[in-house]
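Please read the structure below before turning to the comments.
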Amino acid sequence: MILSTIFFIFTPFLILAACQRYRFLNKIGAIVLAYIIGVLAGNSSLFPENIHKLQDLMTMITIPLAIPLMLFSTNLKQLSRLAKPALISLGIGIVSVTIMIVTGHWIFRDYITEPHKISGLMVGVFTGGTPNLASLKLILDADDTMYLITHSADMIIGVFYLLFLVTVGKKVFSFLLGIKYTPSAEINKREENLESAPYKGIFKRTILVRLIQLIILAIALVGLSILIALLFNENARMAVIMLSLTTLSLLAAMLPRVNKTPKTFEAGMYFVLIFSVVVASMGDINNLVISALPVVYYAAWTVAGSLILQVIFSRLLRLDADTLMITSTALICSPPFVPMVAGALQNRKIVVPGLSIGIIGYALGNYLGYIIAMTLR
């Protein structure tokens with residue numbers, strides 16, 4: 001059991017080191033590698049038969065710690081600083097995704113087990129990202145196979161969607177919308193510092209001490225969320241814990257000392273990687289293959305349909321192609337892909353609003369996913 005614990009905790013470290021050293025692994029992505037290693041390990045004889053208690057414990061610990069750390073860097077004031085077109089595009093993107101997920105629920109519900117949970121998970125991953133998907137797994141009590149299927153579908157469709165954006169997307173959307181991107185004065189003043197090695201320097205004494213302090217704060221917020229949940233019915237407690245934790249973390253992020261501490265997002269992402277390895281090790285390959293196809297169709301419906309709706313709304317509201325594409329990238333593919341698409345568009349000035357939109361998506365994803373799942377139940 002000790003060896004299994006060491007495997008789960010330190011595999012992400014090796015993955016990140018490999019991604020930093022080898023460019024082709026970095027392009028595949030740490031999350032994908034974590035899933036591959038987890039699934040292969042879980043479907044081999046690597047772990048003892050009584051591993052399930054450890055796996056359950058680690059999934060219950062890692063995400064509640066990851067949420068505060070990832071949200072501590074959120075600056076909600078940036079919502080007011082977003083240029084009007086970007087803010088409108090954010091609203092259009094969220095509405096479009098929600099419409100397609102709700103309609104897709106009625107189309108695919110007969111082919112999917114517990115479709116309301118899949119719908120909630122999709123709202124989380126297509127408005128926020130992997131952290132929201134992981135949070136909603138706990139909130140909605142989704143099983144491990146369901147989680148893996150949903151994220152696999154997201155990654156499969158996401159690869160083709162991203163390829164479309166960076167190749168012909170600019171020409172297609174410029175033709176359909178015909179409006180040129182104009183950056184706001186605020187964006188012109190700001191210079192985004194994008195790190196190619198986000199974990200570099202995380203073990204410096206000054207950074208590490210502050211990170212440990214915020215990990216202690218994260219543990220305290222988890223404890224407070226549990227106390228709040230005790231006031232509610234037992235069936236609702238996990239949802240209350242996760243939503244309370246999201247809210248408390250956003251409130252804590254308003255404190256400058258918390259918000260300005262470097263590397264909190266990266267520390268939270270490390271816990272997400274541990275979670276990814278653990279959950280993947282619990283998945284059954286046979287069940288994944290059998291159950292995945294309808295969910296892949298559902299994800300394709302959501303991504304393609306939401307994009308069509310975004311084009312229609314953007315045309316009506318006279319939004320430009322670059323704003324539409326960067327909003328869609330931030331929501332559907334998640335913020336880390338924003339610089340890549342901005343580079344393909346040869347427009348670095350959309351990086352700042354794109355990242356801001358993605359971070360707001362992280363903040364909203366848990367709430368939206370839970371609301372949609374409960375509405376469709």
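Each Cβ is built from the backbone N, Cα and C atoms, and glycine gets one as well.
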TrEMBL feature transmembrane segment, matched against 57-74, 183-200, maps to 57-74
Quick tally over 86-108, 120-140, 267-283, 350-373 of CB pairs under 8 Å to the transmembrane segment (295-317) gives the top stretch as 86-108
Any chance you could find the range in 120-140, 146-166, 267-283 with the most Cβ pairs under 8 Å to the transmembrane segment (350-373)? 120-140
Cβ-Cβ under 8 Å with the transmembrane segment (267-283): same-chain residues at least 6 beyond its ends: 7-9, 11-13, 15-16, 30-31, 34-39, 41-43, 47, 51-52, 55, 58-59, 62-63, 65-72, 130-131, 134, 137, 144-145, 147-148, 202, 211, 214-215
